[in-house]
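**Q** When I checked Swiss-Prot for this same protein, it listed these features:
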BINDING   Tyr10, Val11, Asp30, Lys35, Thr86, Thr124, Lys271, Arg331  NAD(+) binding site
BINDING   Glu161, Lys210, Asn214, His217, Asn225, Tyr256, Tyr257, Arg259, Gly265, Lys324  GDP-alpha-D-mannuronate binding site
ACT_SITE  Cys268  active site
Amino acid sequence: MRISIFGLGYVGAVCAGCLSGRGHEVVGVDISAAKIDMINQGKSPIVEPGLGELLAEGVKTGRLRGTTNVTEAVLATELSMLCVGTPSKLNGDLELDYIEEVCRQMGSALRDKTERHTVVVRSTVLPGTVHNVVIPILEEFSGKKAGVDFGVAVNPEFLRESTAIKDYNFPPMTVIGELDKASGRRLASIYAELDAPIVRKGIAVAEMIKYTCNVWHATKVTFANEIGNIAKAAGVDGREVMEVVCMDNKLNLSQYYMRPGLAFGGSCLPKDVSALSYRAHLWDIEAPLISSLMRSNAAQVQKAYDMIDKHGSRKVALLGLSFKAGTDDLRESPQLELAEMLIGKGFKLSIFDSNVEYARDHGANGHYIKNEIPHVSALLQSDLDKVVAEADVIVLGNADPRFEKLAKDVPAGKKVIDLVGFMPQRTAGAAEGICW
């Protein structure tokens with residue numbers, strides 16, 4: 001494919017070398033004449049192992065050249081990758097001046113181009129940037145319609161400095177955010193020979209995926225450091241602790257606990273997070289990430305309450321009171337906390353949880369349910385259909401499979417709030433998810 005790459009910094013230069021190395025005809029574009037001269041001499045403008053050889057081979061074979069002329073590059077290629085920088089402002093927001101200027105020039109070049117062109121944003125931009133900034137500028141300066149006259153896609157990069165070429169050739173996945181199917185197909189064809197899954201999503205989803213991955217990486221580093229600091233204060237080698245923690249691929253390093261939803265609860269997590277946070281404070285150890293977990297957890301319960309409250313109806317059904325399906329354990333249950341909030345605010349609440357109801361009458365937790373939370377116990381009902389019928393707002397509190405149908409087929413005249421993830425997809429209908 002004929003590809004132009006705008007911005008020849010770390011991302012752009014690596015992409016230029018790797019794409020030309022795989023047989024594509026590449027035109028590198030940069031405002032720096034010095035960088036363009038280096039590219040045309042087959043030299044790398046950055047320090048990256050193996051890149052110089054790739055660029056030299058690309059120039060030697062005629063598959064790679066550089067230019068400062070945006071129009072020339074757009075007219076000579078089928079697809080353009082925007083790899084320009086998006087530095088931080090003093091307030092933490094993104095500086096989009098480079099993106100905006102390139103889009104203006106690219107839009108002007110597209111005005112006179114008859115062949116369909118695809119614009120790919122590889123720069124890291126916040127969700128909404130392509131729809132609210134990139135596309136409007138391209139359409140204004142080209143006089144054309146995105147998704148009709150030209151294609152638009154997002155292709156976040158996951159390259160690490162010093163291992164960028166290996167990361168390009170052996171990615172964990174290739175993420176494509178597509179405005180239209182044709183744009184996604186054209187971009188996907190570039191990566192077809194890589195041994196990695198190609199994930200095609202909407203543009204905003206792809207933008208968010210990039211930030212989520214980077215923030216997750218930063219979170220892991222910070223978490224390990226805080227654990228290490230607390231461990232050292234306890235006379236323990238934090239490296240030894242984390243080595244064993246990382247051996248667990250079933251829970252610790254897995255998809256488990258990695259789905260948005262309601263807050264965590266149960267007998268272990270809240271208690272242990274609180275205990276470790278307290279001990280860190282006692283030892284004068286700064287652990288702001290770990291110390292923030294309980295506050296963040298409480299905020300998620302508050303968000304669930306706010307979602308219920310905004311509907312205006314006072315008749316609410318809470319389906320699931322225990323912190324997870326298949327148990328009667330109410331210790332630190334966020335569902336129980338939510339119920340307490342609703343009761344305290346005067347909602348007419350009815351609750352269905354057959355496990356908790358059974359435990360109240362027959363189980364070991366009966367004393368607690370009847371004597372410690374009698375105001376909640378009195379609201380438990382045994383007829384699911386009746387509970388649903390008498391409510392205006394139905395809250396799916398835990399993953400009891402009996403509740404799933406309500407998210408997919410909302411009863412007429414009802415609102416469903418899904419705290420679990422039963423909804424098959426985000427919709428604008430009568431069902432709403434806490435994070436979707």
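Residue positions begin at 1 at the first shown residue.
Placed from the backbone N, Cα and C atoms, the Cβ positions cover glycine too.
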**Q** Test of understanding: give the count of other CB atoms lying within 10 angstroms of the CB of Val11 (NAD(+) binding site).
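**A** Here the count is 23.
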**Q** Which of Lys35, Arg331 has the fewest nearby Cβ atoms, counting only those within 10 Å, among these binding-site residues?
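**A** Each of the binding-site residues Lys35, Arg331 was scored by Cβ atoms within 10 Å; lowest is Arg331.
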**Q** Going by DSSP, give the three-state secondary structure for Tyr10 (NAD(+) binding site).
**A** helix
**Q** Mind giving me a neighbour count for Asn214 (GDP-alpha-D-mannuronate binding site)? Other Cβ atoms within 10 Å of its Cβ, every protein chain shown.
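**A** For Asn214 (GDP-alpha-D-mannuronate binding site), the count of other Cβ atoms within 10 Å is 13.
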**Q** Got a sec? Which of these binding-site residues, Tyr10, Tyr257, has the most Cβ atoms within 10 Å?
**A** Tyr10
**Q** Return the count of C-beta atoms lying within 10 angstroms of the C-beta of Asn225 (GDP-alpha-D-mannuronate binding site), excluding that atom itself.
**A** 14
**Q** Identify, in sequence order, the residues in the chain of Lys271 (NAD(+) binding site) that are 6 or more apart from it along the sequence and have a CB within less than 8 Å of its CB; answer 'none' if there are none.
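**A** Lys271 (NAD(+) binding site) has long-range Cβ partners Glu332.
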**Q** Under 8 Å between C-beta atoms and at least six apart in sequence, can you list the same-chain neighbours of Glu161 (GDP-alpha-D-mannuronate binding site), or say none if there are none?
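**A** The answer is Tyr10, Glu48.
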**Q** What kind of secondary structure is Asn225 (GDP-alpha-D-mannuronate binding site) part of, going by DSSP in three states?
**A** helix
**Q** For a quick check of understanding: given the listed NAD(+)-binding residues Tyr10, Val11, Asp30, Lys35, Thr86, Thr124, Lys271, Arg331, what is the maximum Cα-Cα distance in angstrom, as an integer?
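**A** Value for the max Cα separation, rounded to a whole number: 62 Å.
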